[in-house]
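Visitor: Structure provided below as structure tokens; questions to follow.
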Amino acid sequence: MNQTLLSEFGNPIERVKKAISALQLGEGIIILDDEKRENEGDLVFSSETMTVEQMALTIRYGSGIVCLCITESKRKKLNLPMMVKHNTSTYRTGFTVTIEASKGVSTGVSAKDRLTTIKTATADDAQPSDLNRPGHVFPLRANGGGILARAGHTEAAIEIVSLAGFKPYGVICELTNKDGSMSRTPEIIKFSKSKKMKILTIKDLILYVQNKK
């Protein structure tokens with residue numbers, strides 16, 4: 001059904017190209033996963049270009065759980081342990097311990113503070129001592145095989161920000177409705193139009209990557 005509802009935004013390849021262009025302009029995008037999986041839409045930003053205003057929008061319209069998608073090499077460099085040794089969650093989402101910038105923040109909760117934490121963690125010269133643990137930002141370690149190995153928002157975010165020419169770190173948060181329920185495709189499409197954000201699916205991105213190989 002998602003593909004039918006999204007047809008007004010172009011075909012799968014066109015949707016990916018539009019999303020890449022939007023990211024390159026510093027905009028956020030929305031990525032939908034499979035209806036038989038989480039059936040959710042995530043706001044997605046490049047960690048390099050995200051602004052305080054975009055973080056505020058993310059917190060306001062999202063679940064509040066702002067996640068930073070990182071690679072395994074970045075996780076090791078920052079010495080971030082996985083949140084649990086044995087992951088029994090449905091989709092094996094790779095949560096590490098939560099983080100906070102050790103400098104430049106107050107309580108760590110505000111949009112400005114959370115963005116400061118993300119910028120600190122994704123800096124090229126970031127060290128473990130630059131971050132306190134726990135905190136209010138949730139790092140997610142991506143599957144090393146990328147989106148072709150795990151069709152999750154974590155891998156999709158890293159894939160598309162990389163395609164846009166940025167470092168492989170994306171910021172994501174699930175969209176929710178005013179009543180606190182999870183936004184589904186019709187609500188997500190309405191939101192994307194109201195905020196003029198490009199929208200695509202993980203399936204679109206997988207097809208795009210496969211076609212490039």
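Note: Cβ is positioned from N, Cα and C throughout, glycine not excepted.
From Swiss-Prot, for reference:
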- Arg37, Glu38, Asp42, Arg150, Ala151, Gly152, His153, Thr154, Glu174: D-ribulose 5-phosphate binding site (BINDING)
- Glu38, His153: Mg(2+) 2 binding site (BINDING)
- Glu38: Mg(2+) 1 binding site (BINDING)
- His136: site 'Essential for catalytic activity' (SITE)
- Glu174: site 'Essential for catalytic activity' (SITE)
Visitor: Under DSSP, is His153 (D-ribulose 5-phosphate binding site) helix, strand or coil?
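Guide: DSSP assigns His153 (D-ribulose 5-phosphate binding site) to helix.
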Visitor: How many neighbouring Cβ atoms, not counting its own, are there within 10 Å of the Cβ of Glu174 (D-ribulose 5-phosphate binding site)?
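Guide: That number is 20.
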Visitor: Go through His136, His153, the listed recorded positions, and name the one with the sparsest Cβ surroundings, counting other Cβ atoms within 10 Å.
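Guide: Minimum Cβ neighbour count within 10 Å, taken over the recorded positions His136, His153, occurs at His136.
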Visitor: Using the alpha carbons only, what distance in Å do you get between His153 (D-ribulose 5-phosphate binding site) and His136 (site 'Essential for catalytic activity') once rounded?
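Guide: That comes out at 19 Å between the alpha carbons.
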Visitor: Whose Cβ, among the binding-site residues Asp42, Ala151, has more other Cβ atoms within 10 Å than any of the rest?
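Guide: The residue with the densest Cβ neighbourhood is Asp42.
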Visitor: Restricting the comparison to the binding-site residues Asp42, Ala151, Glu174, which residue's C-alpha is spatially nearest the C-alpha of His136 (site 'Essential for catalytic activity')?
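Guide: Its closest listed neighbour, by Cα, is Glu174.
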Visitor: Could you check what DSSP calls Glu174 (D-ribulose 5-phosphate binding site) once collapsed to helix, strand or coil?
Guide: strand
